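A.B. asks: Structure incoming, see below.
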Amino acid sequence: MAMWVFGYGSLIWKTGFPFDESLPGFIKGYRRVFHQGSTDHRGTPDFPGRTVTLEAAHEEVCCGVAYKITKEEDKRDALLHLEVREKQYDQKEYLDFFTDSNASEPAVAGVMVYIASPDKKSNNNYLGPAPLEDIAKQIVKAKGPSGPNRDYLFNLEEALAQLGFKDKHVTDLANQVRHILSESEELDIDATAATANNV
């Protein structure tokens, strides 16, 4: 029996395990939010980054990619990889996955999804909601073993666009981060010019 894994964050562009088939599509009743703190990939314990998790939202969908794994050895390798990679995500759910918005039946029933819950007892890295500008400022500054937090956001934005998916939260956040970075560059240019004039 095949195992299916749904990716809605970095798994979209960086899978890290063998798979036999990938399907772009969506799950129902959830939305993607930057509410999870990352202290091991895109931030540190002293300054966490922010990565995506899922939040229940009755009328919404979350787009991503489902990966099919059939060989027993590949299943074991995938689970070992995911249990380490997603160790800060405290819930595993098995949800229906759709590829057609008009379909009443799922394309795949029971895709495995890792979710970081808002339960502080089981997930002490949960950061929760915050104003868009505050989240953007945190993402601009955060950096971890897997690289700058902003790269995670921009990679997610690009990966979704390549699949033809739109996610307003991701787009708005990426635009806010770009705005902060452009303002910072302008300040650096002004400071450099002022220093040159004083020489």
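Going from the start of the chain as shown, residues are counted 1 onward.
Just so it is clear, glycine is given a Cβ too, placed from its N, Cα and C backbone atoms.
Pasting the relevant annotations from Swiss-Prot:
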type	residues	note
ACT_SITE	Glu86	active site, proton acceptor
BINDING	Val5, Phe6, Gly7, Tyr8, Gly9, Ser10	substrate binding site
A.B. asks: For the recorded substrate site formed by Val5, Phe6, Gly7, Tyr8, Gly9, Ser10, which further same-chain residues have Cβ atoms within 8 Å of the site's Cβ center?
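C.D. replies: Nearby residues not in the site list: Leu11, Ile12, Gly64, Val65, Val113, Tyr114.
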A.B. asks: Measuring Cα to Cα, how far is Ser10 (substrate binding site) from Glu86 (active site, proton acceptor) in Å?
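C.D. replies: It is 11 Å, counting Cα to Cα.
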A.B. asks: Other than its own, how many Cβ atoms are within 10 Å of the Cβ belonging to Tyr8 (substrate binding site)?
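C.D. replies: Tyr8 (substrate binding site): 24 neighbouring Cβ atoms within 10 Å.
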A.B. asks: Could you measure between Val5 (substrate binding site) and Glu86 (active site, proton acceptor) for me? Cα positions, answer in whole angstrom.
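C.D. replies: Val5 (substrate binding site) to Glu86 (active site, proton acceptor), Cα-Cα distance: 12 Å.
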A.B. asks: Relative to the Cβ of Glu86 (active site, proton acceptor), which residues of the same chain, six or more apart in sequence, are found under 8 Å away?
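C.D. replies: Spatial neighbours, sequence-distant, of Glu86 (active site, proton acceptor): Tyr114.
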A.B. asks: Name, in the order they occur in the sequence, the residues of the same chain whose CB lies under 8 A from the CB of Gly7 (substrate binding site) and which sit 6 or more residues away.
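C.D. replies: Residues satisfying the criterion: Thr15, Gly64, Val65, Ala66, Tyr67.
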A.B. asks: Give me the non-local Cβ neighbours of Gly9 (substrate binding site): same chain, 6+ apart in sequence, Cβ-Cβ under 8 Å, ordered along the sequence.
C.D. replies: Arg32, Thr51, Val52, Tyr152, Leu156
A.B. asks: Taking the Cβ of Phe6 (substrate binding site) as reference, which residues of that chain separated by at least 6 in sequence fall under 8 Å from it?
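C.D. replies: Non-local contacts for Phe6 (substrate binding site): Ile27, Gly64, Val65, Ala66, Tyr67, Leu95, Phe97, Val111, Met112, Val113.
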A.B. asks: Is Phe6 (substrate binding site) helix, strand or coil when read with DSSP?
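C.D. replies: It is in a strand.
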